[in-house]
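Look at TrEMBL and you will find 13-305 tagged as domain 'G-protein coupled receptors family 1 profile'. Under the heading transmembrane segment, TrEMBL lists 6-31, 40-63, 83-102, 122-145, 169-193, 249-269, 289-308.
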Amino acid sequence: QSIAQELVGLFCMVLLTLIALVANTVVMVVILKTTLFRKFIFVCHLCIVDLLSAIFLMPLGIISSSSCFNRVIYSIAECQALIFLNICFISASILTISIISVERYYYIVHPMRYEVKMTIRLAVAGVIFIWVKSVLITVLALVGWPQDNGATSASRCTVYWSPGAHKEVFVIIFSIVCFVLPTIIIFAVYCSVYRVARMASLQHAPAPAQVVAPRHQSDSITSQVTVITTRNLPLPRLIPEHFLGSNKAILTLVLIVGQFLCCWLPFFAFHLHSSVATDTVGGGHGEMVVTWIAYSSFAINPFFYGLLNRQVREELARLQRSCLNRSLNQEICLSISEASVQENFLQFLQRATCMLETHASCISPRNRNRLDHKKVGFPIPGQIPEESS
């Protein structure tokens with residue numbers, strides 16, 4: 001039974017590593033080839049960090065977790081290098097996810113400010129900030145290590161078995177900076193984004209009283225045709241779309257935040273408890289489980305932050321057709337039901353704006369002129385008005 005469990009665990013670890021390698025490589029290549037690279041630069045950086053983790057961390061994690069490699073011995077310098085890569089890549093990945101959430105917030109709530117201030121220089125500054133902060137946190141983990149030329153087994157070269165003299169202080173700071181604060185930011189940002197998405201979806205369905213009941217009755221043929229036309233508007237199609245879009249926004253919020261918590265909460269809770277509790281005995285199997293639950297984030301991130309985006313999927317389809325020498329004129333047409341399930345918040349709000357514009361086109365010319373005269377449009381609720389200057 002132990003051999004079967006060992007083989008199943010080894011298979012799962014290898015499978016996660018292969019998925020992380022392939023998925024991050026595909027999304028990164030697609031983003032680098034697209035013309036909208038500026039809007040996906042942090043997603044591309046996340047794929048690079050996760051790809052480096054799949055190349056270095058996950059194979060070394062297999063060696064540390066599997067009993068097949070019990071005889072592998074690391075020197076102190078090699079173990080320090082492994083701990084350095086582990087903490088640095090984990091910090092960089094989580095901080096990048098936090099910046100992506102803030103970027104989405106500004107893209108939706110402050111669209112004009114985002115278009116003006118979101119430059120390549122600012123994106124590069126954000127990437128530099130991520131790596132500087134990650135390196136500083138990692139250096140703190142290596143303070144107090146023994147300087148002799150000792151050795152340790154691969155299974156004990158982990159954060160839990162770290163011989164650092166200030167391990168407790170490091171784990172507390174590491175948990176606060178790389179988990180508690182990013183979790184608060186992600187919760188606050190996506191709740192604000194959901195509030196804007198929900199307010200936009202509430203404006204999708206036009207008021208039935210304004211559409212069905214004409215203001216004045218007239219016997220002219222033109223007025224009768226107008227009444228019949230307005231009564232035959234496809235209201236039953238707009239109302240289900242309104243509810244479907246709202247539920248889809250809730251589902252997207254739950255999936256993104258839930259995936260982050262499911263992957264990283266066990267990891268940080270385990271290390272925080274083991275560093276504070278004095279009666280903790282052995283990391284062993286428990287540390288292996290929480291570590292690989294955290295490592296699964298490297299394989300899941302490209303799907304949630306890359307392939308969930310319609311533009312990335314369409315660019316990937318174009319690359320597939322070009323590789324297969326197919327006609328580039330055949331475009332993929334996603335149905336409304338498919339888009340409402342797979343789109344993220346950005347596409348949801350874009351679709352909401354398009355529906356509002358479609359509803360505005362149904363207004364009579366006299367009312368449209370009156371609205372234009374008063375400068376009344378259909379902005380997305382919750383957006384902050386920007387100055388034209």
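Just so it is clear, glycine is given a Cβ too, placed from its N, Cα and C backbone atoms.
Just so you know, TrEMBL annotations never went through curation; they're auto-generated.
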When you check the transmembrane segment (169-193) against the transmembrane segment (83-102), do you get at least 3 Cβ pairs under 8 Å, counting only pairs 6 or more apart in sequence? yes
Considering only Cβ pairs within less than 8 angstroms, which of the stretches 6-31, 40-63, 122-145, 249-269 has the most against the transmembrane segment (83-102)? 122-145
For the domain 'G-protein coupled receptors family 1 profile' (13-305), what's the mean pLDDT in this predicted model? 81
Same-chain residues at least 6 beyond the ends of the transmembrane segment (249-269) with CB under 8 Å of its CB atoms are 94, 97, 174-175, 178-179, 183, 186-187, 190-191, 193-194, 197-198, 201, 289-291, 293-294, 296-297, 300, 304, 343-345, 348
